[in-house]
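Novice: Let me begin by handing over the structure; questions about it come next.
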Amino acid sequence: MPLALCCMSHSPLLNLPGPSAELLDQITDAIADARKFVEQFDPELVVTFSPDHYNGFFYRLMPPFCIGTAAAGVGDYGTYQGPLPVDADIANACAESLWESGVDIAISTAMDVDHGTVQPLQELFGDATARPVVPIFINSVATPLGPLSRSRALGAAVGTFLATLDKRVLIVGSGGLSHDPPVPTLATAPPAALDRIVHGAPMTPEQRMARQEAVIKAAHDFAHGQSPLRSLNPDWDRSLLEIFDEGRLSDLDGWTNTFITGEGGNSAHEIRTWVAAFAALAAHGEYQTGNHFYRAAPELIAGFAIRTAVPST
């Protein structure tokens with residue numbers, strides 16, 4: 001059961017007009033380095049920890065955690081649309097193992113996943129369907145949210161389960177870091193958006209295009225200092241990366257949701273995916289990190305980071 005890890009930020013703006021060539025070139029080079037790491041490891045299975053942006057999970061029933069025994073990409077922001085090669089047997093066995101370990105997780109036999117799941121797969125493999133996958137959703141947007149410690153417990157339990165597999169497994173965490181994009185909330189969403197985030201009302205092509213244009217404009221305004229969105233926090237991002245690099249995951253148990261929002265923004269809670277991924281790897285002992293990339297990227301409305309890791313022994 002050899003394990004490896006790759007955590008990375010995601011952004012719909014990687015596939016949209018707006019970001020400078022200099023920024024995209026730097027991120028492309030960093031992703032290429034991570035891709036080489038993944039190619040050398042040559043995983044037989046990929047376990048993803050990722051959020052959703054009201055494309056597959058909605059307030060009508062919002063689990064804190066969910067594992068997919070079948071899944072499909074919704075194709076948002078130019079990402080892959082269609083079924084993913086989910087290993088249903090392993091996903092079911094993982095869920096049973098989690099329940100037995102005291103971590104409650106929901107199951108979806110028809111999980112819809114968006115760019116938060118699909119973009120890292122496409123960037124790391126060139127094709128979202130290149131490897132069998134077990135997708136695990138972590139609610140990181142729809143408040144109220146559970147404590148960060150529960151994401152660490154989830155990851156540790158998944159890591160314990162992975163020890164039973166005779167496969168090379170890549171653990172992927174997707175999201176963050178400091179990050180406050182324009183996401184509708186129960187308190188602020190206009191009627192059409194409220195219907196979508198609660199009931200999952202489908203978007204028309206015109207609505208999808210309008211949302212895409214709104215994201216492009218929001219990023220432009222943010223990058224030019226003309227936005228009410230919370231500023232990026234590179235110091236906070238680097239302190240978090242240092243915790244991951246040094247394996248001090250238990251330090252994060254004291255990070256309250258209020259603290260995370262105040263330091264990193266409303267969508268900084270996507271760091272839960274990194275916490276779970278690193279906890280899964282740490283369940284097998286000490287690890288060492290590589291591919292130390294970080295760039296505060298206002299054009300992406302994100303502190304964009306990449307880390308890889310392998311067990312120390």
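Cβ coordinates come from backbone N, Cα and C, glycine included.
Copying in the features that Swiss-Prot gives for the protein in this structure:
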ACT_SITE  His115  active site, proton donor
ACT_SITE  His179  active site, proton acceptor
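Locate each feature and note its surroundings.
Specialist: DSSP assigns His115 (active site, proton donor) to a helix in the three-state reduction. The Cβ of His115 (active site, proton donor) has 26 neighbouring Cβ atoms from other residues within 10 Å, across all protein chains displayed.
In the three-state DSSP assignment, the secondary structure recorded for His179 (active site, proton acceptor) is coil.
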Novice: Cβ distance under 8 Å to His179 (active site, proton acceptor), same chain, sequence separation 6 or more: which residues?
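Specialist: Result: Ser9, Leu232, Gly264, Gly265, Asn266, Ser267, Ala268, Glu270, Ile301, Ala302, Gly303.
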